[in-house]
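Peer 1: Annotation comment: TrEMBL describes CYS263 as active site, nucleophile. The feature NAD(+) binding site is assigned by TrEMBL to ASP30, LYS35, THR86, THR122, GLU155, LYS266, ARG331. Annotation comment: TrEMBL describes PHE152, LEU153, LYS154, GLU155, LYS207, PHE252, LEU253, TYR254, PRO255, GLY256, GLY260, LYS324 as substrate binding site. Residues or ranges marked as domain 'UDP-glucose/GDP-mannose dehydrogenase C-terminal' in TrEMBL: 317-424.
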Amino acid sequence: MKVSVIGTGYVGLVAAAAFADHGNDVVCADIDEAKIAGLKDGIIPIYEPGLEPLVKRNVEAGRLHFTTSNADAAKHAEVVFLAVGTPTGGTDGAPKLDYLFQAARDIAPHIDGFTVVVNKSTVPVGTAERVTRIIADLAPDADYTVASNPEFLKEGVAVQDFMHPDRVIVGSDDERARDILQRLYQPFFRTNERLFFMSPRSAELTKYAANAYLAARISFINDVANLCDAVGADVEEVRRGMGSDARIGNKFLYPGVGYGGSCFPKDTRALIRTAREHGMSMSIVASADRINEAQKLVLVRKVRNHFGGDIAGKTIAVWGLAFKPNTDDIREAPALSIVRSLASDGAKLRLTDPEAGPNFMNALGDSVENFGIEFCKDPYDAAKGADALVLTTEWRQFRSPDFGRLGEIMAGKALFDGRNQWSREHLEGLGFSYSGIGR
């Protein structure tokens, strides 16, 4: 099948490479000329495990092509996926749909034969209808339909998720579109039990509802963790007791310094806004968002308290900058709030992360120079001479460090575990001061 994907981000590039890997002829378009030039030279613009060899294999096989022309991509395809960014556009949680609508305008005059235009981006309810009107205004005689096919990929395992999906949601009332998308996705699972057809509006809302529910679970266990701190309980024991209930389970029931990334923060706020536009309030979702923002600074308060309220001049190592392991994505990462808060209190910061360092330092901008923030490739270099060490992202290489070595090179022995990865008993036995989340 001839497939085009507009957008080369975490969603678009993974989708394009995965479709190509199943034998489809795929064109991937992006208006960013530097990004496309890099992709043609084999340079992957994002870090995602397994993506680089997947792209390389399909480019070499002649199944995956790159272009800066959305028009050329539209001419090529039976199916055009719109996988462009929809970032939050203002303070009210409204997603910015300019990129999506512009992509629709770009492809509209070049639709040739029946074409399925698919919203892969996360969009508010009713967006498929708006895209339909945009194309109709520019190409009234075009034979097409607009479907919604939200992605449910987790950064860090996005390739695995796409190749082996829990489910595929297709929002379309057009039987031709349903048949085409069923054939396109059929190789990704043995039966159709994981392919769900529904209306475009239901598909659009399903994406927001799923992410909001997961965000609420995270905020709930973080709220419980803070209560554990207050009453002297251990949230890890409470979590295991809760998670052993088959009705609850353990997934997304891990306390920490809050969630981040391109999905949960944006999607919860967009859902709250959608409800408000229809005279409703999403009270649970709104609470989850408020709790999460506060949770990002829980560890900062613990650091301040440890040093008697004054951390000016203290050297603090921060391990982990990405919003989660196995990605270089720092969008709304808790580490951003933590680092900025510690720096504004006068601490000297030394940061490390296996992949996200360049993105993080760029995001800090002038703060790097103004506050003397330093990035270290080696985590032990970051810890050398530090009065305290703060863990904010649970990268695998941070789970079992050489604590004996840390004890020798650190000036102080204060460890702040923002992901509850380490054993209090073990560390206190080595002479460290340990502080986790809710324990």
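Quick reminder: no glycine exception, Cβ is built from N, Cα and C everywhere.
Owing to the predicted nature of the structure, the values given are computational and were not obtained by experimental measurement.
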Peer 1: Anything within 10 Å of LYS207 (substrate binding site)? Look among the binding-site residues ASP30, LYS35, THR122, LYS266, ARG331, comparing CA atoms, and list what you find.
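Peer 2: The binding-site residues passing the 10 Å Cα test are THR122.
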Peer 1: Would you measure the largest Cα separation among PHE152, LEU153, LYS154, GLU155, LYS207, PHE252, LEU253, TYR254, PRO255, GLY256, GLY260, LYS324 for the substrate site and round it to whole Å?
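Peer 2: Looking at PHE152, LEU153, LYS154, GLU155, LYS207, PHE252, LEU253, TYR254, PRO255, GLY256, GLY260, LYS324 as a set, their Cα atoms extend up to 24 Å apart.
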Peer 1: How many helix, strand and coil residues does the domain 'UDP-glucose/GDP-mannose dehydrogenase C-terminal' (317-424) contain under DSSP?
Peer 2: 39 helix, 18 strand, 51 coil
Peer 1: Where does LYS154 (substrate binding site) sit by DSSP, helix, strand or coil?
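Peer 2: Going by the DSSP assignment, LYS154 (substrate binding site) belongs to neither helix nor strand, so it counts as coil.
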Peer 1: Cα distance, LYS154 (substrate binding site) to THR86 (NAD(+) binding site), nearest Å?
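Peer 2: The Cα atom of THR86 (NAD(+) binding site) is 17 Å away from the Cα atom of LYS154 (substrate binding site).
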Peer 1: When the pLDDT values for the domain 'UDP-glucose/GDP-mannose dehydrogenase C-terminal' (317-424) are averaged, what is the result?
Peer 2: 97
Peer 1: Compute the C-alpha separation of PHE152 (substrate binding site) from THR122 (NAD(+) binding site), stating it in Å without decimals.
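Peer 2: The Cα atom of PHE152 (substrate binding site) is 10 Å away from the Cα atom of THR122 (NAD(+) binding site).
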Peer 1: Within 10 angstroms of the C-beta of PRO255 (substrate binding site), what count of other C-beta atoms is obtained when all protein chains are considered?
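Peer 2: I count 27 other Cβ atoms within 10 Å of it.
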Peer 1: Hey, how far is PRO255 (substrate binding site) from THR122 (NAD(+) binding site), Cα to Cα, in Å?
Peer 2: 26
Peer 1: To the nearest whole angstrom, what is the C-alpha distance linking GLY260 (substrate binding site) and LYS266 (NAD(+) binding site)?
Peer 2: 9
Peer 1: Among LEU253, CYS263, all listed as recorded positions, which has the most CB atoms within 10 Å of its CB?
Peer 2: CYS263
Peer 1: For the NAD(+) binding residues given in the record (ASP30, LYS35, THR86, THR122, GLU155, LYS266, ARG331), what is the largest pairwise C-alpha separation in angstrom?
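Peer 2: In whole numbers, the farthest two Cα atoms are 25 Å apart.
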Peer 1: Going by Cα-Cα distance, pick out whichever of the recorded positions LYS154, LEU253, CYS263 is nearest to THR122 (NAD(+) binding site).
Peer 2: CYS263
